């Protein structure tokens, strides 16, 4: 029994007949796809069970239907009610780790515990001494306290070095004095800070006897009895945002707040009773939290996109428009239009390519964690660089497709009831948080410059990039593929991308070397004249990783998932071909591909669309999103979109007011305008 | 005196010093740019006067500051209050036409009268007989009645032919019976319908004696005494949307509503007392309303984009981040980063290119209106096609840049207080309304196919496209330009674009002819296999119009606006070069440009960025947006962004509640979670 059958679609007979027909003609067993998405039959069983725990039919608290109507304060309280229930369930069944995250995601709404569990607890775990952990972790894991991660300040985002909040050691009382010396040092943005959190992990500059030891972490209690903010703590909500409005992003300003010395996190750096500072600097501290956050976003991109595509594809199989004539009044199902397939199937190709990338990235991370435990930090910098660039590219591509999907749904896409605006505006923070995408690409690009310089000069390179040593051979290669099959052969795909990013990198280095000869600030200064190029190098490299990991990942599951292998092959070929066409100039510039090969790609894309069309419904149904999770009138499993739109509109509070005989706006204003006598008066008098 | 000085920035001494410095070093007199934007010194004087009429310091009703906090019903009422004041002002000063629209836009918020004035009144004017107009127009123009345009239905958007609402002539009573026979025939989306309108222009199928005469317009009263909906009228709000939530888009379902026969609009089609139908079909009817709506959107695209860019560029001159070292702790002004210039100045190049396009389109429209009055309908189809494609391309490009601008502002861009999310989500309807952009490009592309077939076969072509007769010469051309100056020469720009769209068109025709030989549905059927290509042809053609009109427009003002000509030249060259780089594959494919030329474009773009950088503030200040209109903490004229963010957050209702000692969420939920005794209970009991 899958989630659809079990949860929200008991009256299967009422499903829109076009949708039923589509479902019956999918070329693969949909359940096999579900196994692929969820990670095998056992994992699928577990995930279905997790989904059942937030089933709105059993637990009405998880209902999302009214969230489009309610005010921010009610929306916040509704979220807390869900959170309370989730914490109960978590404790009851001992749910943890990825399962816990999956459970939170399955509510369909942003959930506060994610911030506590993914940012606050790992900070305690990673940066506190053993004694400190033993005191604080049980409280945090039990939700007896709830924490946020207070890094960003009003005037400082990405540049952590310049945070202004200070923690001054007070010898007399053995305390730190936490203080916000300027307006711009006000902590700003931390999720859960404004009203939910009792405590915060505060990043502040450590000052001892007037000396600045740089940024360290401190645990500060924010609220006391009855949740009242403690003295010296100016705390509040930063106001409404583009999305994420059920989460209380907050501000926090300290006026000389004292905390005991042992609330500085002292795993690596310590301050003793007599104010002596000692440190055993360990790069891994920073590395770990940053990288796992980004990997999480790489893995999750396909999830948000799949939700939006599930809505758009189901709706496009129900919606009919145009192509009618006097002789044939039947309109065409809109998914049969090539241009709509082009938009939506590009999205599908990204969703499924990303699944492989996410898995590849996580595997690499696990390998590295193991190596680090064994004392080998060889691929750490590499992983940092790859995860940065991939986070940037994956979230940017996802945002682009989400924007396309709203448009693909015509007018009704613009309604909140479509569910897509909320997916989009909640997602829109992803290119900014955990590192601004532009900054991340610059980091990755600069890393590649360094590695390439090493490769060029015979110095060691990380194993993932050792091929750069053969860069001159790579640059001289041209594609000899003639047919579509040859052009999209996995090895040819990887070769084309490798050639592309190597060429951009080599060109950049040559430009940098040339420019640095005359640039006042030398080589480093020259880089600021090539920021656009550095970003483009990072993108090209990350596309290579995506194409490589997707092709290698797919070939590795060929026998396990033989029924779905063919359509996955088409999806990855489509991703690759769309990439080639979008950047065709880059490949024609040095004749890596010639104009005939480009034409084959153009033609091949259309064949992919035709091939995907009958399977489209299977590719989105396989995710087993519940209707409550999608919270969309257009994306319902049963396809009864027009009834849903109409019935949902009836719940709009403004309409309920009208039913009570209250015509909002009329008594207040409109009757003054529509009263002709009143208007005559205006015309006569001078205002 | 310009609007800044007069209205909202009295304390000029408090302006951020970096911003002041930037303003003092702009290379041109900013006022000359304002004249250019507003259409000359006299027009500028008038527009400044119009802006002063909605000055929040004189008329507090126009304050926008609280709109980010208030509920939909309050937001709606606030908008009506503004509308009431605007109508008073309109009547007092006899403000009409474009001035009235400009006044509405200057409030910074979507305004209902736009819908009444731009959709309802033109329908009455265009489709009613003289006697009907004499009765209805004075009422509508006096706002004694308020109307909406009820075309779209729940199940029918772009395909007007298939609207389902019926208007059946009842001989006995000389009435029409307006009826919604199905759920999908419910009118859905019309702006102002839900609560504001007293009347609607309803598009419905005319049925006489069982015969369907197709879609016609009818005026139907919706509400009676005390604004109560009339019998048989099921009316309400369609619920919250992505943006535009102060406007009451509504639904409307008729159950056999009777209206007198003379409420069918009878300028061209008539029904007599004995039920005889007669028509003097005139294509202009439909043409006029559609085209002017699209032209309006082409003209307005630069306005929305300029608002967002004004915010982003001012903020980027105040915001500092990174590039600091231990030796030099000063961070860099973010607009000095090349990648940010690349993003934002691309936006500026679009804003100013669009000003020329808008003017060119309006001039062509005026010429055509004159021709039509003289009985010459020669360029009507051409204008319809150009305005369709341009509306699609201009609104798509604008959306793309708005998405970029949010990201260019880092974290604070995501806050509603930045003002950008609201500009974006209000704008996001533009690619959908007045014709879905994809459908519009298909129309334009199909028109071009027809014209090209005519040109190829020696049949007449419209004058704007007569050059297609020489298509084989155009196809054989290659660029011989060597330097940046030659490559961006206005004639070379136009030549490159003409070559590009002609090549795409010729390739498409050849593919269509080939495919139609074997396609079951022949030539028409083949088109459905080439939808992507048809859309691309339309885009290429519209880019040509943009580049052509911008270059010709700029050269024509060279002497009038000699001080700003140089920077406008740079902006248009940037627009052109960005286009060439984005589509470089298309130009390399047939060697129109070679790889050296492409490199010159890449290099030239960076030079443009450097040249624009010191003038950036002038290019946005010139619009003279008031702070109230931008409604942005980041885009303030005085640059005091951090104070603004902090003070604005203090007004958040959730913070005001806290000041009263109410901790929203705590009593309701949080205290249950944070109470350890309670949690212990959970751990023990089985749920």
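Counting starts with 1 at the first residue shown.
Note that Cβ sites are derived from N, Cα and C of the backbone, with glycine treated the same way.
Cβ neighbours within 10 Å of residue A:434 (active site, proton acceptor), excluding its own Cβ and spanning all shown chains: 22. For A:434, the entry in TrEMBL reads active site, proton acceptor.
If you take the C-beta of residue A:191 (FAD binding site) and look for same-chain residues 6 or more apart in sequence within under 8 angstroms, you find A:112, A:115, A:119, A:148, A:244, A:247, A:248, A:249. TrEMBL lists A:152, A:191 with the feature FAD binding site.
Here TrEMBL flags A:30-146 as domain 'Acyl-coenzyme A oxidase N-terminal'. Break the domain 'Acyl-coenzyme A oxidase N-terminal' (A:30-146) down by DSSP state and the numbers are 88 helix, 0 strand, 29 coil.
Marked as domain 'Acyl-CoA oxidase C-alpha1' by TrEMBL: A:287-449.
The domain 'Acyl-CoA oxidase C-terminal' annotation in TrEMBL covers A:489-660.
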CB contacts for residue A:152 (FAD binding site) [other CB atoms within 10 A, all chains]: 20
Mean per-residue pLDDT computed across the domain 'Acyl-CoA oxidase C-alpha1' (A:287-449): 93
Residue A:434 (active site, proton acceptor) and residue A:152 (FAD binding site), distance between Cα atoms, whole Å: 11
